[in-house]
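Feature annotations, courtesy of TrEMBL:
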REGION    1-21  region 'Disordered'
DOMAIN    144-242  domain 'Peptidase M4'
DOMAIN    252-338  domain 'Peptidase M4 C-terminal'
COMPBIAS  329-340  compositional bias 'Basic and acidic residues'
REGION    329-386  region 'Disordered'
COMPBIAS  341-363  compositional bias 'Acidic residues'
DOMAIN    386-466  domain 'Peptidase M4 C-terminal'
Amino acid sequence: MADSDAPSLDPPDQESDSEKSACFFIPKHIQTIGRKITDSNVRKAVKRKKAKFVTLLWNSAQSQWELEQMIRNAGRELADPENKQYLEDIKATREWIKKRDDEVAKLREKHPTKCRVIYDLQWGGPDDFPGLLARTEGDTDPINTKSVDDCYDNFGITYDFFKEVFNRDSLDNKGFPLIGCIGFRFNYPNACWSPILNQMVFGDGFVNDPENPDALVGFEGAFGGFASALDVIAHELAHGFITYAIPERRGISYMGESGALNESLADVFASMVMQWHNKQTVSQASWLIGETTVGNISKTDCKALRSLKEPGSAFRNVIIGKDPQVGHKDNYWKPNRDFSDTGDMEVVESDEDEDSDGDDSDGEIVVGDEGLPEDDDSENKVKKDEQHVNSGIGNKAFYLAAEAFGGYSWEKAGQIWYNALLSSKLPQGCSFKRFAEETFKVASNVQTYGADASGIVKQAWEKVGIKIEK
């Protein structure tokens, strides 16, 4: 299919039918602010059937076979040549995934446990997957491509953390290969874990104008360095771990409150990986997520993307607004509430291009992105996503528990969260309250965690508005 019609890697529509979507590091409400929104046709495309099919192709939790069945059952929709093209695209996707998996399988014969595989798309799009094989497990010499080597190293650190701290052999505890693809599109400003591709995908993000290095080149100049950021990789791989943690590969749904819990757990494990690697105690750690991904934005008013210690305090910036995260259940945010207010700060509006044919600045159709303003919204109203905004509730609870235990976060608080996640009783649509109850149950093992552990965990959750019934 034409590159402009390729499946979008933009954060998916909040109303998507998928229960477990690709999990993006940069929240869509931030990514959308910096995106050059063109004409109203782009916004209208969000509601088209076509957008639904494109979103499902990349982000649905359902298998590709089920996707085929879904499209085949769409009745008259199949009369549209474009929909027939989607079936062909799915087939092509399955073919390159099989080719990649065959390639990785040969590597796993040599490296049955830790197995890292890094591809380079060289700024290609979905039609160019999986990219050029750049580095694999056992390659001792760096290839002098920073993003490839950093991705390889950070995969290794994350694997080692799970192995040494939890005695877990990769994401599925069976040596799951860690696959990453760097260089998606030119300056693509995000990174994600794809449950369909079973791998990470990285854009480069900020790459400044060589003629004006200090200039902010649209949103692409605001965030980047994703493959080089350990917390980004640990966060996204944690989404993969969460998928496999619950029996039968059900994972935790990425919709609504369960999606917020999913995001919180990814932040929790990412923070532990960072602290473990840096040998930091609870009091020494910054408890920030995304510190090194902040590019040409003043560090005085944008220190990171999220704060587990103080949700809502990570940034207050004229470009991306105020950090909308909440840290208490009473403040739980739901869609259709506007968080675009930036107080007394100047708001940077998106440019309009009346001659646009519906492509964004990179020539990619923007579809399936709930962050785009509706036709009756002002340009400055940007809808937040429920998952990233409310994940601060679980983040704060973990920080409070870790702080109360003291020492290293992964020794007690981390063990409790990890073992609670492994519980076979957790539903796919798990709420904060249900997960809190499971952490309390795990912490009640006096011989393992001590007599005060359950009280510490209970108090931590209650401080963020989650009441645990004994």
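Glycine is treated like the rest: Cβ placed from N, Cα and C.
Each residue of the domain 'Peptidase M4 C-terminal' (386-466) gets a DSSP state, and the totals for helix, strand and coil are 56 helix, 0 strand, 25 coil. Mean predicted confidence for the domain 'Peptidase M4' (144-242): the pLDDT average there is 85.
Across the domain 'Peptidase M4 C-terminal' (252-338), DSSP classifies residues as 29 helix, 12 strand, 46 coil.
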